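*Asks:* According to Swiss-Prot:
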BINDING   His126, His130, His136  Zn(2+) binding site
Amino acid sequence: MAELDIQISVEDIGWPGEETLLSFCERVLGAAAVYLRDSEKQPFPTMAPEVSLVFTDDASIQDINAEWRGKDKATNVLSFPAFPVQPGKMPGPMLGDIIIARETLEREAAELEKSFDDHLTHLLVHGFLHLLGYDHMNSAEAEIMEGLETRILAQLGLSDPYEGQDLKMEP
């Protein structure tokens, strides 16, 4: 696995325990980093870059979404890169923060008929790609980012999250 320094904060009691989440996230994000390094030639710092993960609830993520994006509603995942980085370029020693809302994750997983863990995996990969400079503000960016998500998830044994879905990640 590629080394990442993963820091976790659990702010909602409905989430699994911190040790369980840390182990899960190390597996998912480690696999994503290895895929990006080996298949996409994504450079990483020699020292393990830090990723901060916050597992919260809809109310908290709604407040953050309103403050930072001007969207006063809950969302599934928010990512805040620590430093500006272009896709495929060397990131800084701190990648940034990924914040995930439990209730939205649970609701979407049920709607998509996916397990909690499978949808959490997708949201972690999606957020991680944002920290590395990928985005989906237009169709060209979305095609690249969603293609990477699909290939990384396939490495983890998961199907294409966008296949047959009209649900795309909102900008």
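Backbone N, Cα and C define each Cβ position, glycine as well.
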*Asks:* Report the same-chain neighbours of His130 (Zn(2+) binding site): residues 6+ apart in sequence with Cβ closer than 8 Å to its Cβ, ordered by sequence.
*Replies:* Ser79, Pro81, Ile98
*Asks:* By the count of other Cβ atoms within 10 Å, pick out the sparsest of the binding-site residues His126, His136.
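*Replies:* With the binding-site residues His126, His136, fewest surrounding Cβ atoms within 10 Å: His136.
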